[in-house]
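Remarks on the structure that follows.
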Ligand code: HEM
């Protein structure tokens, strides 16, 4: 035993293997672990051993601790369950699986079913669903949205955004806390109206290419969605990096294909639980495909950053030369076309404020970003779908376009944009019925009361514009497309959180002015040349609520060329 103090003293052979009883403490004697019984009693007082619990006591204590932990967890769980169940929502049909069977549907069924559940259960505009053992809360009223979006504390994105991290790391869209605050402050000036003015020519140039492509489709039935997506991708790449990627002409460019593949991978991971843990994802071939795509995408942005930095240095040298030589040469005084990337390089102060990696995060965020091109593509396509379904609206749009542009085929100017008021109402109404971002989720950092319901810390709260925008209190006959709702006299007194296609509050869309300008210019360019007829009706179209709200079978249109007078 461990109490050997004198290696010289070994119990007699006959004692080996026997139990020695020393003052009620039992020892087994053996030659390797000899015991000096005298020493034991001398060094350690007997009552010390009585303090030691025996194995039964240890076992009982261990089991009691475990039972205590389980009991506390179950009690907390019960309290959580009780608390969440005070909020109306479908009951948990299967323990541990919750109300998940409500969502055993085809993807196009999610939004209509969600809307139905909401109307059945929601008394006060908040609904609870059990997704597995966790409660999920959805907010569908302007008053509830105000609590979520109006708060400066509820700015943490939910875990679905994590699958964008390998691509975007933690840029403006995906970051949180201090980093997000600093970036938002730094990037806000790059979306100033004056800077956006410089991008009008890009919107126009890419619209011209789009119209050329659409000319080839006259009098055919076709899906316009991919054409618009390639156009908005060209726009965002040129405005973000100052480079043509030529997606409209070169549909199988390596960079463009990598963007589409990566977008698909992120969306697949968001909807398949078994692809979500990184260690499991590594076992699937999709992970290798992701690595290939990322090497192309990051490689391209890195190359752009290096190139633009060299160009910027050259420009500075040229400027210096100009002031030294006093030439006033037209070449030197020509204003260079700046992209977001140039503004970021300037803001980086030679790496003191932003490293090259930080710049890449932000450029990729704008481009990828569903935010940068997919959202705008969806908004333009849905607008064409609705205008193509409503001949009277289309007539009014055409009248406005003729009033502003007459017979000329000149490009759209900044001044024209403020004249296209009715078109703007059509875009807003299309974003009401088909908000490009159909739902947004936040993680609650503290207990929060929403519409009178007490929602516990750590819960995920979703705002669903698709539902919020269909509240008959603010939008009577909500399913009807009526651009007039957005006439100033009809929208002035509306609740400010009743219409939130660009989110609202501190974490709203930084690119909304950019998006509205781009949409107006592309739509005006298409509708000046073509008459559009939608081939599907809103009541028959299948809508998918992915990160972006998409029509499952695209936006099928029939174009007729307008007669140029
Ligand atoms: C119709 C077009 C667009 C719509 C409907 C839209 C909508 C939104 C929405 C709803 C959010 C909030 C997302 C959330 O909270 O989870 C958002 C954020 C954002 N959007 Fe947009 N967006 C559009 C176009 C753009 C464009 C063109 C850009 C860039 C050029 C852009 C850049 C961003 C960024 C960087 C964020 C994150 C802002 C932050 O968290 O501080 N968006 N957008």
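Heads up, the Cβ atoms here are built off N, Cα and C, so glycines get one too.
Residue ranges 16-35, 36-55, 56-75 are listed, and TrEMBL annotates 56-75 among them as transmembrane segment. Listed by sequence, the residues of this chain that lie at least six past the ends of the transmembrane segment (56-75) yet keep a Cβ under 8 A from its Cβ atoms amount to none. For residue 509 (heme binding site), other Cβ atoms within 10 Å of its Cβ number 19.
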